[in-house]
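The following features are taken from TrEMBL:
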{"type": "DOMAIN", "residues": "27-162", "note": "domain 'EamA'"}
{"type": "TRANSMEM", "residues": "28-47", "note": "transmembrane segment"}
{"type": "TRANSMEM", "residues": "59-78", "note": "transmembrane segment"}
{"type": "TRANSMEM", "residues": "105-123", "note": "transmembrane segment"}
{"type": "TRANSMEM", "residues": "144-166", "note": "transmembrane segment"}
{"type": "TRANSMEM", "residues": "208-228", "note": "transmembrane segment"}
{"type": "TRANSMEM", "residues": "234-258", "note": "transmembrane segment"}
{"type": "TRANSMEM", "residues": "270-289", "note": "transmembrane segment"}
{"type": "TRANSMEM", "residues": "301-318", "note": "transmembrane segment"}
Amino acid sequence: MATATYIEETTDQEGAGFAQTYLTPGAGVLYALLNTVLSATASQFMALGSQAGIPGLQLMFLANLVEILTVLLFLPFFRPKLTTENGRQTLLMVLSTITENFGTAFQYMSFVFVVPGIAYGIMKGSMPLASACLGFVFLKETVGVVDCFGIVLNVAGVVLVAYGLIAENTLSTQRLVASILLPLAATLGRAPSLVISRSLIGVQKVSVLTVLFYANLPGAVVLLGLTYLFETPIWAMSAQTVGYVMGLCLCVCGSHFATKLSLKTEKAGITATIKTFTIPLTVLLDYVVLSELPSQLKSGGVVLIVFGTGVVTVYTWWRHRKETLHKNFMQSLDFDK
């Protein structure tokens, strides 16, 4: 019995040591990667829902509605503080709500008025650089040389993918301009939202639920208004279409939670860079689910994105692991007391 107890305790310690050494340092990276998987899967559900005749803005309204219901469901269990502690937090919370919904509105206006793939590519390509610059200006968070190298590769890859999408579509000059300006306007909302969320969640330790609560309440109203303004919503759906919608809602909700949890430990620029891995996953799922074979330009861009994201992901995890090992070593010597 004593031997069994010793083996069990040793196994538990090894398991805890493995988690502390390998998983805990990479928690922010893992959440960002989880976001990419959920976002890529959500894009497939959105495509299937659109093919079933459900308007895009209505789909995103339903996803936003499910997200706010999920937040309300979690509130009684975690009981986060829903009031701000000072005027600065109040201002940041207001700005977070405005930028989040501003970015969402322009993002899905891009999907309505221009080719979704082009809009998606431009937004994902501009987000890492914009988030890293804003994070440096407002939070004094610097990005290392290795991370900069990964971001440059990512941006180059996304530019190739977006150019390939433009080359595959015959667009008028007016639509081509809109294809560039609308996604850039979405970035002007999304990038500040990431930096503000990083300040609230990662620096000031405001609850993820609190940030999502205030962002989603007006968001649902905005998306519902846009749905009736630009589209004709369809509420009578088949069981299969309901399945597509629920899959979309759960994936979008999970991806937003994953992004906010990533920002607890990771800089906005790093999180935005890792999130561009959504594009290769989306291209892969397009081939598997929709049988769409990528062009040579898109394939080349995907290779650059995978390599750039891999560099940032591995280097970020290695840096956090090194810091964790150093901290544990200092604690073992009682230097932390």
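Any Cβ shown, glycine's included, is placed from N, Cα and C.
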Proximity verdict for the transmembrane segment (270-289) and the transmembrane segment (28-47), three or more C-beta pairs under 8 Å: yes
Closest-packing stretch to the transmembrane segment (301-318), where packing means Cβ pairs under 8 Å, from 59-78, 144-166, 208-228, 234-258: 144-166
Residues in the domain 'EamA' (27-162) grouped by DSSP into helix, strand and remaining coil: 117 helix, 0 strand, 19 coil
Mean per-residue pLDDT computed across the domain 'EamA' (27-162): 83
